[in-house]
Every structure is written in structure tokens, then in C-alpha cells.
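> Okay, these came from Swiss-Prot:
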DOMAIN    66-369  domain 'Protein kinase'
BINDING   VAL72, GLY73, GLU74, GLY75, ALA76, TYR77, GLY78, ILE79, VAL80, LYS95  ATP binding site
ACT_SITE  ASP190  active site, proton acceptor
MOD_RES   THR226  phosphothreonine
MOD_RES   TYR228  phosphotyrosine
Amino acid sequence: MNIDQHHQLQQQHQQQMLQQQAQAQAQAQAQAQQQQQAAAAAAAANAAATTSSSPRQVSFNVSDHYQILEIVGEGAYGIVCSAIHKPSQQKVAIKKIEPFERSMLCLRTLRELKLLKHFNHENIISILAIQRPINYESFNEIYLIQELMETDLHRVIRTQNLSDDHIQYFIYQTLRALKAMHSANVLHRDLKPSNLLLNSNCDLKICDFGLARSIASQEDNYGFMTEYVATRWYRAPEIMLTFQEYTTAIDVWSVGCILAEMLSGRPLFPGRDYHNQLWLIMEVLGTPNMEDYYNIKSKRAREYIRSLPFCKKIPFSELFANTNNNTSTSNTGGRTNINPLALDLLEKLLIFNPAKRITVEDALKHPYLQLYHDPNDEPISDKIPEDFFDFDKMKDQLTIEDLKKLLYEEIMKPL
């Protein structure tokens, strides 16, 4: 073999090696691409959503008809993601709930699911669809597909001063939803700014029915408080003073607290604890008169009220008044004047004695809301059946497995 032939063989060998390396690289790239595609497919199948503030991933095992966008909310027992329903290109919210670790979460989920299916109202959040599990064995999480609302009243109050027009419209829509709920014999029991969802059109929808109950007879109220964890700042005084009977007036009180917060930009009664909460209320409303005092059925609660120093009522017009020389706007969130009609409605919403508090129907007729009030466009709802909340009456006997079966049955029913 001469040198030329040797070089020729070497060149051929090198070319073969280069070809093999190129093939190997191409195979590796193809393999990596396949892995990436598989990972992307898995991510799409699981609809994994990651918050910008956190590196953790939350898997959403939903139909590939939905493209998950981002996490928009996180609560005590659920995570909400925005998504696009691909066939219709509609933006939706998907709420993922994993309730099966605690019976209380199962109960809350069951209440919410049943009530949202019952109501069909413009100012109550609705369920568009439910992701149904393949079978009972694979039923470990719940996915509710709902209307997407951009924000909530809590966020809005924190970031801007609301105009009087906005306040009127938000209170009107809240009361309009309450009229439907109360006509169905349902108490929400947890109304607060973060449970009032809003979109860019200023449409308002009440959400979170996990603490809701039927307007029950006195004996059915036994155990009413056992799970009462509603935000203290919006709780009616009769709840803390253990009145024998709870009525629609507890929701009306919460509306009053929300109205006051919109007017001032901050909570009206931000109690540190049970005692401080009552004291803050009495500092504004004054010590109850004899009639209201004896309306409190609990002797222990009456004795507690009696032990507190006497308070004189402060009219809301005085509480929210700005000084003319602009040295203080602390009670009005920078607002230069407040509509006197708003304060008049507030006086009627925040009355200590629930029997004297304005009703939702009368609040809707109040002059402050006359721009929006239309009795022909404030629908009522069908009353819930008597056995609607039967599971609540038996909750001490129901295991998590029992509640899981009830939830599965509810989810598998048509909407």
C-alpha cells in the first residue's frame, strides 16, 4: 500500500467517523426533541400551571379542550387558574379543589357545588362545566369550570378610590344577588369584599358558598356556629352574641360593612379578636338600648354587654365627615365628600338589633340606589328543597368516604 492509498483510506475512515458522529448527534437531537415534545404533551395533558411568584408547579388534570394560562387565585381549599376553552376560544376560570383530607372541606365543597347548581343569576357566579372523573377510584380532585372574573372588590378597594357611581352599582348588584339567595331560603354567611368578584365591565358576582346554610327554624340552628369561621370583621353582632335565631339580617350587616369600606377605603370594624370586634361595633353604634339588650337571648352575652363601659352612638355623617380645611381625610380614603344618601342607607344596614335592620327588598328601594333599582329586573329564585342540606344535619355521623360518595354523585349529575 503506497502513501497515497494510505492517505485515501485515512480520509475515508475519517469521513466515516464524521458521518457516524453526525448521525449520533442527529439521533441525540431527535431524542431530545422527542423528550421535549413528550414533556410538553404531558404538561398539556396535566395542564400544569406555574405562578410567576413561585417555581412550584400545580397540575391541572383537565380535558385538553382547555389551555391553562396562569394561577389567578388561591384559597384555603382551592386553586383557581385562568384558561382558554379551545373550541370556543372563551376565557374561563378553572377551580381545582382537593377536599378529601378533611371532612370540613368536603362539606364546604358539597354546599358550594349544590348551591351554584341551584342558582342561575347574573350576580351569582355560575358553573359552566364540571370535569367528571373517569371512575370513582380515580376521583381525588374536583375541577369546576366557571366564568372568569378579572378581580375582586378587596383588590379594587386596596388600589383605588371608588367613585360614588361605582359604589352604588356594586352595592346594588350585591343586594340584587342577595334577594335571589334569600328568596331561595339561603344565607350566604360569609360576605366580604374578596367574595365579590368583578370584571372590567364592573359586573359583580358573589362567590364562595362554602359556609352557606338554609334559613332554618330555631331547633335546626343547633350547631350553626360549630364551623363558623367567617371573617370576623364582617360578622353581625348577633353571631358573636349567640342569638337563638339567625336570619337574613346577618348578610345585610355584612353588606353594611362592605359599603362602609368602599366609602372609606378601609374596614370599618377591624377587630383583633371577638371582644375587640364587639367593642369596635359598640363604639360606633353605641350601647344597646333596653329593648335591644333584652333581645339578646343569651344571659351570658347580656352580662358581657353590661360589663362594658357605656358608649354613645356616633352618627355615620359625623364618623365619615371631612374637615373643611382638608387637614384630615383619614376616614374617607381621600374622598372630599360622601353622598348623604349613602350614609342614610348605611345607618339602616348597620343596626345592632337584627329585627330592626333593613331588609334586602327595602334596601333595593332606597333612594341611594334609585338609578339602578328596577323591581321587574330583580328576580327571585326557587326555594331550595327541605332536604337540600340534610347532609349538614348528619355531618357528625358522615365519614370522609361517605362525603366523597355524596360529592361523586353530585358531580356525575347533569348540570
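The backbone N, Cα and C atoms fix where each Cβ goes, and this holds for glycine too.
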> For GLY78 (ATP binding site), what residues in its own chain, 6 or more apart in sequence, show a Cβ-Cβ distance under 8 Å?
LYS95, LYS96, ILE97, GLU98
> Across the domain 'Protein kinase' (66-369), what is the average pLDDT of the model, as a whole number?
89
> So of VAL72, VAL80, which of the binding-site residues has the fewest other Cβ atoms within 10 Å around its own Cβ?
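Checked VAL72, VAL80; of these binding-site residues, fewest Cβ neighbours within 10 Å: VAL72.
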> Which one is it: of the recorded positions GLU74, ASP190, which Cβ has the fewest other Cβ atoms within 10 Å in this structure?
GLU74
> If one measures from the C-alpha of GLU74 (ATP binding site) to the C-alpha of ASP190 (active site, proton acceptor), what distance in angstrom results, rounded to a whole number?
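For GLU74 (ATP binding site) versus ASP190 (active site, proton acceptor), the Cα atoms are 17 Å apart.
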> Using DSSP reduced to three states, classify the residue listed as 'active site, proton acceptor' as helix, strand or coil.
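Where the residue listed as 'active site, proton acceptor' sits, the three-state DSSP reduction gives coil.
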